[in-house]
Amino acid sequence: MSVPPGTVLSVAIRGFERASAPVAGTAGVDLDPSQRVVIDTADDESAAVIGAPGTGKTATLIELVADRVLQRGWNPDELVVLTPNRASATRLRDSLALRLGVATNGPIARTTNSVAFELVQHAAQIAGADRPKLLTGGDQDQIVKEILQGHIDDGTGPAWPDILAPEVRQLGGFRTELRELMMRATEFGVSPQRLRELGALHDHAEWVAAADFIDEYLGIVGSMAENALDAAELMAFATAALEGDIGDKLGRLKLVIVDDLQETTEATIGLLRAFVARGVAVVAFGDPDVATNAFRSGERDALGTLSTRLGLPGLRTFILSTAHRQGPELRALTSAVTDRIGTAAAGRQHAAVAGGVASDQPVVTVSAATPAREVAAIARLFRQHHLLGGVSFSRMAVVVRTGSLIRPVSRALALAEVPTHTLAGATALRDDHAARALVTVVDVALGRTELTPPVATEIMLGPFGGFDRLALRRLRVALRAEELAGGGNRGSDELLVEALGAPGRFATIDHRIGRNADRIAQTLTATRELAQTDGSIEQLLWLVWERSGLAKVWFEQALGTGLTAADANRNLDGVMALFTAARRFAERRPNDSARLFIDDLLGAEVPEDTLAPQTSGESVLVTTPSGAVGMEFDVVAVAGLQEGVWPNLRIRGSLLYPQALVEASKSTLAAAGGDAGADAVDQRKQVLGDELRMFALAVSRASTQVILTAVANEDEAASVLFGLVPAGLAEALDPTEWHPLSLRGVTGRLRRELVRPRPDASALFAAADRADAAASLARLARESVPGADPAEWHGVLQPSTTGPLHDLDDPDVVVGVSPSKLEAFEESPLNWFIDVMSGTQTSTAMGLGTIVHWAMETATDPSLDALWEAVQSRWSELLFESPWLAEKQKRAARVLTAGLSEYLHDFHSAGRKLVAPEAAFSVLVGRGKLNGKIDRVEQHEDGSIVIVDLKTGRAETNQTKIDTNAQLGAYQLAYDHGVLEQLPDGHQPGGAKLLYVASGKGGKLYREAVQGPLVGPELDELRARIELAAIGMAAAEFAGVLNLDSYGSGNDPKYRIHLVKAVSA
């Protein structure tokens, strides 16, 4: 099937498509008496249903809907279920569809915003107004950001308090509080003028400034072509719309059911109040003990005060009595937490008794030394449940306190062979790796972002470039070689940028890396051409996606297991979310350009709710407490229980005090000048209550086992929340003593068994153990388990050759000896061999030294300006990872150049002569051939010949080491052998010296380390050193020394790996 550009049909993968086959209704659950009484309420009766975690609130809600439709004969259009977010609406929608098994005119379960939008849309249609548009959190944040930045740039805007300086107003946290304050003001009907009055009344100067900002914001949003409304405005307009004609569908409503009412805000309460005024019954379910939305002004006491809030004095409150999810032990843990929380106008739900079965090890605590070991322990316990207990990974979850922990924990679990997934919308699209990479290619093709060397590198190393660093280095070398062959001298950065912008430029590189690079260049060109014909953002993204071939690659990887599969699934989720966002942009703003889409996406710091399909399958959910609302699992790990992290007692909203505005709006003291909010002690008490509610929600999600984990070491301490576990209930486990229960761990353990000494066992038993380990490894190797096949082991393969580097039995063979490497060989033959065979990696310092050497070699004018101009002429050849590093190195180069300039000036002033720059030589010493190049051969005023070696690094000050310096000695040996050319008549040896230009001495910008002239015995000793080194360099084996410091490190890693014995050796 061909797929037209601008669609996303072919990127669907396993787990993305929802089954659509018709299903028959499923049987209901057995309800306890406290649940049954809710079902038996009258058609027109409103009620509040409060239940502790696991008491079956959702099951009761589903049966209430089933009773009205299947037993009482209601039309499904006569009721609606409201949920706080799309995820819970989707779950309830599916459950209700399965339970009812009848056709419905749209989903019964909807978000509150969905119903509000329908109400406002119908009202706008009747009034002949433009179709309303919902401003997402990201949209609103971008508008607020632009207004604030405009004020800062122009020096205009509201008179914010000094504490809210421009640097503060540029922070995302400030914008979040400002938007929160704006929404709370809208919810409670606080106009900008009223906000000013409250600010003056309660000594909140920031409210006065915010009121001025809101006036300007409303003016800007009101001038937009679209009828744009934020979430709070949408709810306010919807509430007002309920006073008039609301259309046929919503007009038939007889019952509104609300799930998780404790998560709703005052705006939702107002909407429900308006429904009640129309004669619609309201039945609300929830538990104030697990409210997670209080920091966004969620109404945690809404259930306990529902009668008053809805204006229904006779409203009944039902308490569910049995916690069916948890057995006695886990119920005791949940109760121990909720008993420490304020009642929030409720509290009777605390008496719920356990209805679940008891379980072994209901609570496990883990105290790890590092975060890595903490996650490893969680993974080990999850694998135990999965492999030995038959528990699906989809029945397990990890709950962390903050969203910033989701990604690292998820990835660490995937590394430990536990598949994971996260909820959609947990991060902004611009922070998603795959989505950002795809957008970057389109961004560059549009010309919105210039193709600079860093951007080119980012594209090449990204998923749509497909290069690794080694391949990119090879490509740069090939481009540079072509440039030099053509007589040019441009750096590889400039060449790479030019080639990516010119299709066919890579054609001369007849290699796989050249063809791959040309594919990227062709993609950029094709995307640029499509953009010039007004291609939509969907079409541009699709072009890049289709040409990349990643759909097939990631699809096949996603079908596997492990980290690669997890990354592939995550990448596909990101791409699907990006295409969904692009489609929504095209539908909402069909006349806007692709550039504007990228502007919005890259500028949005707030994650958006998304309807994009997402993989989950058999994997562990990693989420925050708010993401676990309404969910249930067999096993739940509550991770990261650190002191200062959970509970986090920092008072929220400390910049603009949105919660204080809520209190001022509710309080009858406001008009009389009373305090708008609680004091600091009361606020911290409220925050502690909210933190306990989130902890209660986390531990109450589990039906079999709760795992509480933390890091405990010298720097970090476990949370006080561990102290809430009832005495004798928890079992502390040491993960270091466990069998790994993973293929990687089993493979490692079996390999150790093969070589583990058994001093207490007989030879027969030791052989049997090794035979068992070998047989098990053979089985794993047949299944292609990584690391099981001995062919993959380091340290056990036979050497590829045992012959020497040079065959000294052949009398014609000589061994090349470099003067600069002579001491390196003497210190460690192994390190010397590795450098010679593998090559040394060029560093920025080495490149800088090369340029300074070249400037000295070619200098005709010793002035600082002339030398600096020479250095600058080749500066583009150096590669820097960041601008600040480039500036640092440029300053270092200036110091080196100044030192060199002063030395050359002093050299000429003293009447000395340059005999030869870069003097090459070759001397045969025994079986060795000394090959080198001397930086400078100088003749001093007394006629002596002095050899100079320029150094740009740290100076050597130990005179003994200078006197025995092998490199200077080798140069003097070359002089003694008479192989240096252009020497004047009557010359005498004047020794050699190291010229250091990075630091000076005695008021000079340079310093010299002088080695006196070597005479007969000293030269003979040097010849012996060279001959011995030559013989050693020709050998078949090279010894090394392992120098470990007190931290267990030492030696460069590329050397150390050859010195430490392999585990399997």
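Using the three backbone atoms N, Cα and C, a Cβ is placed for every residue, glycine included.
According to TrEMBL, the feature domain 'UvrD-like helicase ATP-binding' maps to 30-327.
Positions annotated as ATP binding site by TrEMBL: Gly51, Ala52, Pro53, Gly54, Thr55, Gly56, Lys57, Thr58. The Cβ of Lys57 (ATP binding site) has 23 neighbouring Cβ atoms from other residues within 10 Å, across all protein chains displayed.
Within the model, the domain 'UvrD-like helicase C-terminal' (332-630) shows a mean pLDDT value of 83, rounded to a whole number. Residues or ranges marked as domain 'UvrD-like helicase C-terminal' by TrEMBL: 332-630.
The ATP site is set by Gly51, Ala52, Pro53, Gly54, Thr55, Gly56, Lys57, Thr58; from the centre of their CB atoms, other residues of the chain with a CB within 8 Å are Asp287, Leu320, Ala323, His324, Arg325, Ala352. Within the group of binding-site residues (Thr55, Thr58), the Cβ with the highest number of other Cβ atoms inside 10 Å belongs to Thr55. On its own chain, Ala52 (ATP binding site) has Asp287, Asp289, Leu320, Ala323, Thr334, Ser335, Thr338, Gln349, His350, Ala352, Ser700 as residues at least 6 apart in sequence with a Cβ closer than 8 Å to its own Cβ.
Summary: among the binding-site residues (Gly51, Pro53, Gly54, Gly56), the fewest other C-beta atoms within 10 A of the C-beta are counted at Gly56.
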